[in-house]
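Asker: Structure incoming, see below.
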Amino acid sequence: MSESTVLNDAAKVKMTARDVKVFYGTNQAIHGIDMDIMENEVIAFIGPSGCGKSTFLRCLNRMNDTIDICRVTGQIALDGQDIYHPSLDVVQLRAQVGMVFQKPNPFPKSIYDNIAYGPKLHGLASKKSDLDDVVESSLRRAGLWEEVKDRLNQPGTGLSGGQQQRLCIARTIAVSPEVILMDEPCSALDPIATSIIEELIAELKQNFTIVIVTHNMQQAARVSDRTAFFHLGNLIELGVTNDVFTNPTQKRTEDYITGRYG
Amino acid sequence: MTTEVKNLKGNAATRSKVQQQVVNSLQKRHRQEKLFRGAGVAAVSISILLVVLLFVNIFSKGLPAFWQHAIKLDIYFDPAVVKIAEKPVQQAGESDNEFRQRDLEWRSAVGMINFNRLIVDGLQKVIPDANEHRRDLQRIVTSGERFAIRDLVIKDPSIIGSTQSLFLLTDANIDVWLKGNIDRSLGDAQQQLSPKVREWVESLKAQGVIQNRFSFALFMNPDSRSSLASAGLAGAFMGSLYMMLVVIVLAIPMGVAAAIYLEEFAPKNKLTDLVEVNINNLAAVPSIVFGLLGASIFIGWFNLPMSAPVVGGLVLTLMTLPTVIIATRSTLKAIPPSIRQAALGLGASKSQAVFHHVLPLAIPGILTGSIIGVAQALGESAPLLLIGMKSFVASIPSSAMEQSTALPVQIYLWQGNELRNFFEARTSAAIIVLLALMLSLNSLAIWLRKRYEVRW
């Protein structure tokens, strides 16, 4: 993690993690991770099941708070501000660091209400027309507008799996977060829906910092600027995606990428 | 297919042996499966048969009680008998209390009048030889009807001097006799009615003066012991209604709130574990124990009145709470966690996630659980016996603090009445009313569930 940690000198650090350890009860899931996440980059977390990549991802917007026995030590900062500081409001953090989940989980409400919920919650749109604008622009940016513009009042759960996942992405960007966390967003989708989401990620990169957990190494290679390889709760290697896949510095990374375990 | 099987068997001796074992065990399994299915079908058939038997029994006994024999009489409101002052009207400058006092005096004066005279006069018009059998004449119309006539006068004194054609309920024994529930081959001593009365009612029935009419008395009147034919369910019905109001107002909000807190917000520790175990145990406590508790706490300490629906409602609330809490918690548990995560991920606070997303999805289940709980409370009688709601109450309660009884308890009271062949039908009729109430509550539950169900 030396020279390759930083993409280029101009890139600004968005989030930093220092010596992050996570415990589930007495069981330690993550053994001290240091990481910098740059602004407007796509960073992919790869590694075998149970390596702690999802756990670490969930530390970044404190979704782990909802698990009673989970305890996080170390420091994670967003724009230099400690996100585990007692004075920080977790609601505000989650508006800044949005999340897309493994299984598409639209609310059992209309497509419109799915998108409008976040902006309403945070008071981002006061008038109905403002809200309409937010809904339209979010759906457009998620590439879903053309498909659903005539049925905004129909339930979001009636869409196909890929459309549902794009709806969830649209719902997340409607709150205008700075960072979007994606926890295996394509694992429940077919290849066509997956490629649509991957194209979407490439576009969203211009406005958002994206952290994506994936089991699919080709996906990591396709969408990400940098790749982090996790193993048994440790960050083994972090570097420019191309380097990690073609010329890994660590033996374990190479073994995983070439399919020797995982 | 067959050749393959042959080959499979023929290939190796061991394999064919294994196959043979499989075939043998298969036969055994098929036999067991058939046996199990047969047992299931038998169980279902037996239960259906028993339910049908129960319903046929209740309905065949109870339905006739919805119709009762009444005699059509021309009642002349003879001014010589009904001698009363003018109905008091509140005058200018008179205080409410003074007026009420005057009104009360007037009413008790009306109450002193012998309205039975009017009935006897009316009977004499339809029974030619009435004067020779004055004693028997008193046995035809049930005694409660003279108060019905009094109430007509109180309501509208201007009918004095006019003749009204009224249907008056006959005595309970006449109703039983006309319905054929007394064996007519028995001796006179066992016939409940004197030979003269039997002769009269037979001929009046034939003339159409006595008719079997739908009995509003069953629904409009409170219980009665002096005039059995006019005993009705209204008192018990209102008592049950007040109790259900108390249960709905207390048990559902409290139970749902407790369940939401325990399921969504409470930390998981020893204390909440203890609370959970206790709630589950409370659901299994025999209901009569809640009656004891109600008697000692609500009546003993809080000095609430005995036999009052408010106490019954409180006791039934305690009994219903665990049901509501358990139903609500299991509904909340069944809401997929992905919905909570989606809301939290968007920056909703925990309570916003619960109230905006989880609770609306849980509403159908909560409603169903609550209504089932209320229906259970409606049919409960054991705890009510201990707080005095099995007393005989001959008035319709006008508030939850007045003495009253409840529908299931009324059924119990009628079941024990001495005039068996009249009250057997009355009991079954009361059971039908209770069942109808339960059925409508359950249909409401189903309707609400369908109404608020969200498709995923």
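Just so you know, glycine gets a Cβ as well, placed from its N, Cα and C.
In case it helps, TrEMBL gives these features for our protein:
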{"type": "TRANSMEM", "residues": "B:35-59", "note": "transmembrane segment"}
{"type": "DOMAIN", "residues": "B:237-443", "note": "domain 'ABC transmembrane type-1'"}
{"type": "TRANSMEM", "residues": "B:241-262", "note": "transmembrane segment"}
{"type": "TRANSMEM", "residues": "B:282-304", "note": "transmembrane segment"}
{"type": "TRANSMEM", "residues": "B:310-332", "note": "transmembrane segment"}
{"type": "TRANSMEM", "residues": "B:353-378", "note": "transmembrane segment"}
{"type": "TRANSMEM", "residues": "B:429-448", "note": "transmembrane segment"}
Asker: With CB pairs under 8 Å as the measure, which of the listed stretches B:35-59, B:310-332, B:353-378 comes out on top against the transmembrane segment (B:241-262)?
Answerer: B:310-332
Asker: Within the same chain, where does the transmembrane segment (B:282-304) have neighbours whose Cβ lies under 8 angstroms from its own Cβ atoms, ignoring anything closer than 6 residues to its ends? I mean 6 or more beyond.
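Answerer: For the transmembrane segment (B:282-304), the nonlocal Cβ contacts are 310-312, 314-316, 318-319, 321-323, 326, 380, 382-388.
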Asker: Are there residues at least six beyond either end of the transmembrane segment (B:35-59) with Cβ under 8 Å to its Cβ atoms? List them, or say none.
Answerer: 428, 431-432, 435
Asker: Using a Cβ cut-off of under 8 Å, list the residues of the same chain at least 6 residues beyond the transmembrane segment (B:429-448) that approach it.
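Answerer: Cβ under 8 Å, 6 or more out: 58-59, 62-63, 65-66, 218, 233, 236-237, 240, 364, 367-368, 371-372, 374-375, 378-379, 407-408, 410-411, 414.
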